[in-house]
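Novice: Sharing a structure here in structure tokens format.
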Amino acid sequence: MARISKEKRKTGLIDVALKLFSKKGFYVTTIPDIAEEAGMSVGNFYNYFKSKDILAKELVLYISEYLGNQILLINEKDISTEEKIHEIVVMYFEMATKKPEMIEYFLRVYLSNREVFGEGCEGMVCVSPFVTEMMMFFNDGVAKGDLHDQDFFSAFGLFMGYLGGMAFLFGEKILPHPLEWYQESISQNIYNALKKRQ
Amino acid sequence: MHSKKDNKKKLLWLQGVTCNGNTHSFLNLPYLPLLLSKIELLYFPTMEALYTFEEISECKLSCDILVFEGAFDPELKRNDILIQTMLEHYSKNAEYVIAVGSCASFGGIFKASAPQRNSGLLFNESERTGPMLEVDQKIINLSGCPIHPEWLGYTLNMIINHQKILLDEMHRPRELYSNLAHHGCTRNEYFEWKVDAKGFGLKEGCLFYEQGCRGPMTHASCNKILWNEVSSKTRSGTPCFGCTEPDFPKQNFFNTKTNMSIPEDVPLGVPKRNYLTMAGIAKTFHIKRLEGKLIDYKTTP
């Protein structure tokens, strides 16, 4: 049988850790829990991540890179800014539905346990692949004359705050409909809020 | 046998549509007397020379180095003779035609005010559609508003010493224009860590993010060959206006064009996506020494 590469084992650990953190919470989940779920010894786990805090930071970077790559693909498409907004919303909701642990980790672990992410994950360091791609999206939208020129964080907060809020409501099972049901209206709302004023 | 004087290069300085800024700048060259001793000045607008402008405008003489200042205007006459006629006559036998300043190089300020009429000698902004295409191999563009006197001093000395001057795509000497105004800028540490200047005339802070500085995308050696041997725009707290580039003058010199707070132009040769990543991370770090006035920073706790 072919040996599983180190990189694949690392990704496997990331998947397991994400699921456990989002299900049981960051502090309750222990390294032995993760190792057991991944089918490896605790000693072997430390070959991949030196501590739970380091794992926590790598997870944020992993999610940020994943989101950044998805948005990059959309940014590079030859479509209107309005269509790009729609595609970003669809992509995000699909992720929240199919890989809820990634969004949950971001909302519940990263945003709520800032003390874990203080050193080495300050400011934008761990989320820069994702934030950079959103910057590219906004920059292109304004340069094309589609979006209203304003402060970056006002626009970023509106866009991601709305998506994060919906993903939270979905995760709490408060929404009467599946996330997909809201895609059109949310895309429209975001576009209306951000589009260039006449 | 020719006397030494006969071997001197004959220089003629003509003017198109100009504010005389380059003439004045050249007069500030620290070693001007030495340089003038090595050439024969046929005519210069503000210095004693061998001939009067009336004699020059008859187009009976010839020169080795034709210096042209100001934008080209096909309808402009001096002493009732079209400047175009004089340019054509004197460029025929000249070894070099030096366009001094951004107006003569690319059209500059005067092109901006009369875009249908004025242009540079060889270039119309960055388009090669100027009136002197036939002698393009002779043309050296020394852009700048005004020209740095040392840049003209360097070029003339190279010619006098029979040295080859390598030119870039815009016909500017590579030795002078392959640098960016950013090189040698005393504010580079502020640029690295994304600390903005809080106003003009301050020693601290980078002028790129809010004050319109074009240093990282402007080919010029202003911060390596200092003005008046002591200073430069950025050293004194004023943003670089990008005056050596074909698209000069842009509007709103003191504002950085942004899209959602993101600079529209980023440093030359850096992909925007990579720049934004680097900038975002650099901004995360707060360096106490760079946040206040340097003179107030305590070197020991």
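Along the chain as shown, residues are numbered 1 onward.
Cβ atoms are placed via backbone N, Cα and C, with glycine included.
Those TrEMBL annotations? Automatic predictions, nothing curated.
Bear in mind that the values here come from a model prediction, so they are computed numbers and not experimental data.
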Novice: Do you know which of B:C206, B:C222 TrEMBL groups with B:C240, B:C243 in the [3Fe-4S] cluster site?
Specialist: B:C222
Novice: Can you tell me how many other Cβ atoms are located within 10 Å of the Cβ belonging to B:C222 ([3Fe-4S] cluster binding site)?
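Specialist: Neighbour count, Cβ to Cβ under the 10 Å cut-off: 27.
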Novice: Starting from the [4Fe-4S] cluster 2 site formed by B:H182, B:C185, B:C206, B:C213, give every other residue of that chain whose CB sits within 8 Å of the mean position of their CB atoms, in sequence order.
Specialist: B:A181, B:R187, B:N188, B:Y190, B:F191, B:L207, B:F208, B:G215, B:P216, B:T234, B:P239, B:C240
Novice: Enumerate the residues of the same chain, B:C19, B:C103, B:C145 excluded, that satisfy the criterion Cβ within 8 A of the mean position of the Cβ atoms of the recorded [4Fe-4S] cluster 1 site; list them in sequence order.
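Specialist: Close Cβ neighbours, site residues excluded: B:T18, B:G21, B:N22, B:G70, B:A71, B:G101, B:S102, B:G108, B:I109, B:F110, B:P146.
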Novice: State the count of C-beta atoms found within 10 angstroms of the C-beta of B:C206 ([4Fe-4S] cluster 2 binding site), not counting that atom itself.
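Specialist: Result for B:C206 ([4Fe-4S] cluster 2 binding site): 25 other Cβ atoms within 10 Å.
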Novice: If you average per-residue pLDDT over the domain 'Cytochrome-c3 hydrogenase C-terminal' (B:177-251), what number do you get?
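Specialist: Taking every residue in the domain 'Cytochrome-c3 hydrogenase C-terminal' (B:177-251) and averaging pLDDT yields 95.
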Novice: Nearest by CA distance to B:C243 ([3Fe-4S] cluster binding site): which of the binding-site residues is it, out of B:C103, B:C145, B:H182, B:C185, B:C213?
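Specialist: So, spelling it out, the nearest of the binding-site residues is B:C145.
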Novice: In whole Å, note down how far the CA of B:C240 ([3Fe-4S] cluster binding site) lies from the CA of B:C103 ([4Fe-4S] cluster 1 binding site).
Specialist: 18
Novice: Provide the three-state secondary structure of B:C103 ([4Fe-4S] cluster 1 binding site) computed with DSSP.
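Specialist: SS state of B:C103 ([4Fe-4S] cluster 1 binding site) = helix.
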